Amino acid sequence: MPVTMSQAFLDNFLGNSPKWFKFAILSFLVINPVVFYLNPFVAGWLLVLEFIFTLAMALKCYPLQPGGLLAIEAVIIGMTSPSQVLHEIEANLEVLLLLIFMVAGIYFMKQLLLFAFTKMITKVRSKIAVSIMCCVASAFLSAFLDALTVIAVIIAVAVGFYSIYHKVASGKNFNDSHDHTSDGQSQLCEEELEAFRGFLRNLLMHAGVGTALGGVCTMVGEPQNLIIAAQANWQFAEFALRMSPVTVPVFVAGVLTCFLVEKFRVFDYGKQLPDAVHKILSDYSAHEDAHRTKHDKIKLIIQALVGVWLIIGLAFHLASVGLIGLSVIILTTAFNGVTNEHQLGKAFEEALPFTALLAVFFAIVGVIIDQQLFAPVIQWALSYEGNTQLVIFYIAIGLLSMVSDNVFVGTVYINEVKAALLDGQITRDQFDLLAVAINTGTNLPSVATPNGQAAFLFLLTSAIAPLIRLSYGRMVWMALPYTIVLSIVGILAIQFGALEQMTQYFYDNNMLLHHTLQEVGNSAASAH
């Protein structure tokens, strides 16, 4: 039977995606202009939910195409403007540069990363110990580096482990070329492969939550932390001290949660590394040690030295994150002899689709701004006073951070609170407490979904996610115990006065100084 033009169009539209998904996206494109004409506010929230839907279906169809179509239509019908989208991209240029250059830079350091993590996995047999090490190490690194950088490191290691096992289990040698994305080989043991996938899922999720636990603690941990610190005129040590009444108990609770979910094997955790896989990784480590030449050793030394530069450069903000990433690419490739354009190109394959997706996401953020979707929530939160106001802000921001980028939510709220301070609605001391509530509210509950944390979204849309069967729904389910514990511990720390009492204690002991209204008035305006 000949194919009609309409059938051919539908077959080509969004490629191999399920037909129901194609019809859903086409329905959204038809419905949105009508709803926007009737009620722009409702249309704005509808668009946000539709975009979340495209993210949830990431394993069926990469979100760039369906999400991009929705964003293009939103601009065309006037929900936002091209200039607003460009403004959002300009404001987040550092994040885009980070994705383009830093992730590629990590690619050229993966020999060293694989060397270090293979030793850890093969020497430490306790899954609970490995999980806690992953969580704590990610938290420590994220306190000084960007969470996306840390996740890029963990992803590079996970892909390395997976490809080694897949290659050997498919009957090939360590040095043979192999496509680890294909499961067609008859030698693969499905049960063993599934167990290994589960093991890698566990480690990646523990590491992902670790980035949130560490990222909330310091002003360099997350992009919104820098914006909040600038508005409040806080320096590195003061920021960490002001956050500590909330972040310290939350960190302890997070590590305890890591232990408990592994111990009792709930929420898809507790997956053990199969003995056969452990043997393959141990054999790989021994093989690499035995066949490591002086050229290989020099490469590892160069990568280690560049790693030291990476940590120092980021911790002391010697340059923007993206530029440090570019320097990592140049240094590792120059001194390790990677000069072929094709070899260089491979490093950029992982991050560029996500970079494009993030640009589309900024178009959705433009709609949120232009349609003032968060305005009612902000006004409602400001109607309360004192400690109750802190709790309401934390909850409201936490809920919004679950569905929208936490950088955007944090920026909008700190600007609104600053405006309230300058209008005389709140005192300067209350502003400082609200800044803590805003920072913790954007960083902690946002682990609930990949929408809130860019690092989680990057993990969901990375090459490793389909290999280890990490879907949107599974990420939400595995993050659930952390979401509940971190959110509740954060609320309790504020609700029962720990934040106010400890802050007062810091004032009384001259560990903190009271700021003035003028300091906020003169602080640098945020990028938004």
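Cβ atoms are placed via backbone N, Cα and C, with glycine included.
On a predicted model such as this, the values are computed, not experimentally measured, just so you know.
Residues or ranges marked as transmembrane segment in Swiss-Prot (evidence: sequence analysis): 23-45 (among others).
Long-range contacts of the transmembrane segment (66-86) within the same chain: residues 14, 21, 25, 28-29, 32-33, 36, 40, 43-44, 47, 50-51, 54-55, 57, 356-357, 360-364, 366-367, 369-371, each at least 6 residues beyond the stretch ends and with a Cβ under 8 Å from a Cβ of the stretch. The annotation transmembrane segment is assigned in Swiss-Prot to 66-86 (among others).
Per Swiss-Prot, transmembrane segment is recorded for 95-115 (among others). Panel annotation: around the transmembrane segment (95-115), residues 89, 146, 148-149, 152-153, 156-157, 160-161, 223, 288, 296, 299-300, 303-304, 306-307, 310, 320-329, 332-333, 336, 338, 346-348, 350-352, 354-355, 358-359, 407, 454, 458 of the same chain, lying at least six beyond its termini, place a Cβ under 8 Å from a Cβ of the stretch.
The transmembrane segment feature in Swiss-Prot is assigned to 139-159 (among others); the stated evidence is sequence analysis.
Feature annotation from Swiss-Prot assigns transmembrane segment to 203-223 (among others). Cβ atoms under 8 Å from those of the transmembrane segment (203-223) belong to residues 92, 94-95, 130-132, 134-147, 150-151, 154-155, 158, 229, 234-236, 239-240, 243-244, 247, 250-251, 254-255, 258, 269, 314-315, 317, 406-407, 439-440, 442-444, 446-447, 453, 455-456, 459, 464, 468, 470, 475, 478-479, 482, 486 of the same chain, restricted to positions at least 6 beyond its ends.
Residues 128, 131-132, 135-136, 139, 206, 209-210, 213-214, 216-218, 234, 267, 269-270, 432, 435-436, 439-440, 444, 481-482, 485-486, 489-490, 493-494, 498-499, 501-503, 506, 511-512 of the same chain lie 6 or more positions beyond the ends of the transmembrane segment (241-261) yet place their CB under 8 Å from a CB of it. If you look up Swiss-Prot, you'll see 241-261 (among others) marked as transmembrane segment.
Residues 93-94, 96-98, 100-106, 108-109, 144-146, 149, 220, 344, 347 of the same chain sit 6 or more residues outside the transmembrane segment (310-330) yet have a Cβ under 8 Å from a Cβ within it. As annotated by Swiss-Prot, transmembrane segment applies to 310-330 (among others), with the evidence given as sequence analysis.
The transmembrane segment annotation in Swiss-Prot covers 349-369 (among others).
Residues or ranges marked as transmembrane segment by Swiss-Prot on the basis of sequence analysis: 390-410 (among others).
Residues annotated as transmembrane segment in Swiss-Prot: 448-468 (among others). Sequence-distant contacts of the transmembrane segment (448-468), counting only residues of its own chain at least 6 positions beyond either end whose CB sits under 8 Å from a CB of the stretch, comprise 52, 55, 58-59, 62-63, 95, 99, 147-148, 150-152, 155, 158-159, 162, 180-181, 197-198, 200-201, 204, 208, 211-212, 350, 353-354, 357-358, 361, 401-407, 409, 442, 475-476, 479-480, 483.
The transmembrane segment annotation in Swiss-Prot covers 476-496 (among others). Among residues of the same chain six or more beyond the transmembrane segment (476-496), those with a C-beta under 8 A of the stretch's C-beta atoms are 201, 205, 208-209, 212-213, 245-246, 249-250, 253-254, 256-257, 260-261, 266-269, 387, 390-391, 394-395, 398, 437, 440-441, 444-445, 447-449, 456.
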Same-chain residues at least 6 beyond the ends of the transmembrane segment (349-369) whose Cβ lies under 8 Å from its Cβ atoms: 44, 47-48, 51, 62-64, 67-68, 70-71, 74-75, 79-81, 84-85, 87-89, 92, 95-96, 99-100, 103-104, 107, 152, 155, 404-405, 408, 412, 454, 457-458, 461-463, 528
